[in-house]
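Data first, discussion second: the structure below is written as structure tokens.
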Amino acid sequence: MLASATKIDDLISKASKEQDFAQTAVFMAKAAESSERYDEMCKWVVALVNARLAEKKDLTEEQRNLLSVGYKHVVGYRRSSYRCFQHGEHKENDLIKSYKEVVKGEVMKICMEVLDVLQKKLIPNVQELAKAAEGSETESKHQESCIFYLKMVGDYYRYLAEVDSEAENAKNAEKYYVQGSDLAEKFLPSTHPIRLGLSLNLSVCYYEILKNQKKACELAKKAFDQAIAQLDALDEKYFQILLVLPHHLPPIY
């Protein structure tokens with residue numbers, strides 16, 4: 001595994017010297033995705049992030065989605081493993097407990113890696129770009145990216161909170177979701193898929209992590225009602241997100 005990782009690092013280092021590295025990185029990230037080699041997909045995307053920031057540029061929508069998809073798969077099956085160990089029939093077995101700690105460590109390492117990329121690189125960069133473009137149409141595009149990244153930060157603090165009871169993780173998840181929501185209300189229509197996804201994930205955070213079922217349901221209902229009011233503007237492929245909002249939580253509101 002280490003030899004394979006080293007070879008990928010060598011490939012990335014060699015490719016990064018090419019003039020069209022961004023195009024190459026996207027191509028290779030997609031190749032890794034199609035072959036379900038998600039750890040390597042993330043390596044290509046992180047290298048792409050560094051290259052874009054060196055040019056004082058943000059990621060494109062396609063590149064943002066590659067970042068999100070790659071890490072979602074890398075952390076996703078480990079989260080599933082952790083849940084199995086939490087509720088399985090052998091959860092009190094000492095070996096299973098030790099195994100669960102191994103998986104917990106993997107989840108935390110991945111989450112911290114993503115958070116480092118988002119909080120130290122992508123968010124400061126896009127905030128600077130948005131400030132420079134204040135009042136223009138370009139500002140809105142940069143703010144959309146910022147909302148996307150804030151949502152991801154909230155997601156990965158939520159994943160940390162699932163495996164680590166440290167209260168700061170739950171607080172940070174709420175903090176970044178709320179920051180993203182405030183920006184979304186200002187810059188995105190209520191039917192925008194990023195805004196809808198953000199509302200859904202924040203409501204899940206309130207329900208599952210912060211144990212505030214009432215607030216979770218109120219938030220989901222508010223997002224649903226606002227989007228329904230502008231239903232004609234909703235792209236058909238995102239309609240499914242809207243349908244999920246009022247039904248993924250018990251109707252206690």
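Every residue gets a Cβ built from N, Cα and C, even glycine.
TrEMBL has this to say about the protein:
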{"type": "DOMAIN", "residues": "22-249", "note": "domain '14-3-3'"}
{"type": "SITE", "residues": "ARG79", "note": "site 'Interaction with phosphoserine on interacting protein'"}
{"type": "SITE", "residues": "ARG158", "note": "site 'Interaction with phosphoserine on interacting protein'"}
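Residue density at ARG79 (site 'Interaction with phosphoserine on interacting protein'): 18 other Cβ atoms are found within 10 A of its Cβ, drawing on all protein chains shown. Recorded residues ARG79 (site 'Interaction with phosphoserine on interacting protein') and ARG158 (site 'Interaction with phosphoserine on interacting protein') have their alpha carbons 11 Å apart, per Cα-Cα distance. The Cβ of ARG158 (site 'Interaction with phosphoserine on interacting protein') has ASN169, ALA170, ALA173, ASN201, VAL204, CYS205, ILE209 as same-chain neighbours under 8 Å, each 6 or more residues away in sequence.
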